[in-house]
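Undergrad: Got a structure for you, questions after.
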Amino acid sequence: SIFFTLYSPRIFFVEGEEEKMGTEEGEERTKKRRRGGDNNSTPTTPTTTTTTTQHNYAQDQPSPPPPTATTPTTSYTPPPPPPPTLTPTTPASLTETSALSHNGEEEFDTYFSDQRILIPDTENKSFSFRKLWAFTGPGFLMSIAYLDPGNIESDLQSGTLASYNLLWILMWATILGLVMQRLSARLGTVTGLHLAEVCYRCYPTIPRVLLWIMVEIAIIGSDMQEVIGTSIAIYMLSNQVIPIWGGVLITIVDTFTFLGLDRYGLRKLEAFFALLITIMAVTFGYEYGVAKPDQLAVLKGLFVPGCSGCDKKALFQAVGIIGAVIMPHNLYLHSALVKSREVDRKNKEEVSEANKYFFIEACVALLCSFVINVFVVSVFAEGLYHVTNQEVRDRCEAANNTHGDIFPENDEYVDADLYKGGVFLGCTFGSACMYIWAVGILAAGQSSTMTGTYVGQFAMEGFLNLRWKRWQRILMTRTIAILPTFFIAFYKDINDITGMNDLLNAIMSLQLPFALIPTLTFTSSERIMGSFKNGLFTKILSSLLSVLVIAINLWFVINFLHDKLNGQWWAYLLVVMVAIFYFTLIFYLTVILVTALGFTRVCSIPLPGLTRMDEFSSSLQHSFEGSYPSI
């Protein structure tokens, strides 16, 4: 397990009750220390104390002796805390140590540990734009998963198959995503640990490793969509000169290059991601302006539920929207990104304030991503709904577009994907629109590939407690995701590659329970979240939403498999064997979830790991929650 070593005023205990040192002088000293040290302190070398039972790091001091018969009974006033030993140039919490290692073993720097963003003090306690700006960053990096090439392709297919009728599903899927992202961010903010790290502490070895494998499968599936999307964009921008497999190799190189930006500061890296999001907004917004969709139809599609005239494909696509928007690995990512802000987790007011600003930022970020998604759906609802392949091919021939042969000569409706969508725009609205579309897809693929690399690192560090060097972790996570993508791109043509989106969405849909259930479990546990645990309304709402989303995605996967298996008995047998393992793991995680929700009678089930949260609860409590168990 991983923890930060904080230098803080000591907390005293008298018969199990905590005596708080809430004097104005102590508070002022605390503020000075968080800004870089007390001016009156003598610079010395801090001494790191490694423990395995707490992550709040309040240091115990012996309680005063009880009053005797000859001593008048008076209230005990603790002596002032010793001056902090941090030097003015040494920020707190620079390193984290594995809680499974013994004292004296090698420490290692975890991501964000040496460049956390300090939160400014402001007079306005209710709301401050300065503080909101300081907290701005993690939510926008999280929102990139809502704009990856897989989502963009799902958007254009929605417009092509159902016109504007599925916009309301896109909106509500984004709102559902916001609810779950809020829980993920709260977990990281309150505990100082991201979701994979909490899983490491609370699940036994075998379920934890299986959970990690499922998360890695989701990351690989998402990364394949992102790398393929980036390669298709390069293929279009190079006018078919660079093949798809060549684009995969370029993606590997430029991803490593751009990831090096974080060495120049976390803010510069976040600014680069903001630039990529801006490019997406400008390029897809330009296509929206050129296509000129029916604005009244857009509003009706957003706020009037239903899908009149939709066929089975459109219904299937409606389910696919939910699977594409709510991505499992994104919950692991968001819980880790919030650790990049310097929050005093022993101060309940600061934690509450951080939760508020992170939620506001997530709302703004997902609103931006939702608007961009609406742009894409509307463009293709206006231009490709009930349009045949022959019609688009004729337009391409009239415009002398060399990409037009991608559309077969038949009267079937266009089966759109990223490549065909770009060619259609170029043939209909001018060649510039195809290249502008490709630039937007390139920005979407590049940004999501980078965030996918980060979440791969977080998952490996958290689930496996790895202590590799950072470049080794990056190389490992990129290799796992890139190799299958490269071989597919090398041996398949453009038609086969662009049609893989449904398969990859089905794979990620299967992995969704392995992010939703742990998130809901830990954020509902009082031992982990303290007073920040989910309330009754949040528990009910989140549980119902999780059941709904999981059921919808399972329906999506079952129908997908039914169409692909073609009655082969051995394939059905393999699916049944995998399903037994799959639902066994879900049942195990669900039993622990039910326990965390307060239904303790299930603890009578002889299931390993049910008491593990109790065993590790002392390492996940907070100083504002009261007394601690002794070390």
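Please read every residue number as a count from 1 along the shown chain.
Heads up, the Cβ atoms here are built off N, Cα and C, so glycines get one too.
Automatic prediction, not curation, is the source of TrEMBL annotations.
Quick paste from TrEMBL:
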{"type": "COMPBIAS", "residues": "42-53", "note": "compositional bias 'Low complexity'"}
{"type": "COMPBIAS", "residues": "77-86", "note": "compositional bias 'Pro residues'"}
{"type": "REGION", "residues": "16-95", "note": "region 'Disordered'"}
{"type": "TRANSMEM", "residues": "242-261", "note": "transmembrane segment"}
{"type": "TRANSMEM", "residues": "273-291", "note": "transmembrane segment"}
{"type": "TRANSMEM", "residues": "314-337", "note": "transmembrane segment"}
{"type": "TRANSMEM", "residues": "358-381", "note": "transmembrane segment"}
{"type": "TRANSMEM", "residues": "423-444", "note": "transmembrane segment"}
{"type": "TRANSMEM", "residues": "474-491", "note": "transmembrane segment"}
{"type": "TRANSMEM", "residues": "503-524", "note": "transmembrane segment"}
{"type": "TRANSMEM", "residues": "536-558", "note": "transmembrane segment"}
{"type": "TRANSMEM", "residues": "570-599", "note": "transmembrane segment"}
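Just tell me what is around each of these and how deep it sits.
TA: Counting same-chain residues at least six beyond the ends of the transmembrane segment (242-261), those with a Cβ under 8 angstroms from any Cβ of the stretch are 227-228, 230-235, 268-269, 272, 445-446, 449-450, 453, 474, 478, 482, 485-486, 489-490, 494, 497.
Proximity of distant same-chain residues to the transmembrane segment (273-291), defined by a Cβ-Cβ separation under 8 Å and at least 6 residues beyond the stretch ends, is recorded for 140-141, 143-144, 147, 368-369, 371-372, 375-376, 378-379, 382-383, 425, 429, 433, 436-437, 439-440, 443-444, 446-447, 450-451.
Non-local neighbours of the transmembrane segment (423-444) in the same chain are 144, 147-149, 152, 226, 229-230, 232-234, 236-237, 276-277, 279-280, 283-284, 286-287, 290-291, 379-380, 383-384, 392, 395-396, 398-399, 401, 403-404, 406-407, 414, 416; each lies 6+ residues outside the stretch with a CB under 8 Å from one of its CB atoms.
Residues 216, 219-220, 223-224, 227-228, 231, 243-245, 247-249, 251-252, 255-256, 259, 452-453, 456-457, 460, 468, 497, 500 of the same chain sit 6 or more residues outside the transmembrane segment (474-491) yet have a Cβ under 8 Å from a Cβ within it.
Panel annotation: around the transmembrane segment (536-558), residues 176, 179-180, 183, 316, 319-320, 322-323, 326, 505-506, 509-510, 512-513, 516-517, 520, 523-524, 597 of the same chain, lying at least six beyond its termini, place a Cβ under 8 Å from a Cβ of the stretch.
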Undergrad: Sort out the residues at least 6 away from either end of the transmembrane segment (314-337), same chain, that have Cβ-Cβ distances under 8 Å to it, and list them.
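TA: Sequence-distant neighbours of the transmembrane segment (314-337): 111-112, 137-139, 141-142, 145-146, 150-151, 154, 157-158, 161-162, 165-166, 169-170, 173-174, 176-177, 180-181, 183-185, 187-188, 194-196, 215, 218-219, 222, 307, 362, 451-452, 454-455, 458-459, 462, 502, 505-506, 508-509, 511-512, 514-516, 519, 549, 552-553, 555-556, 559.
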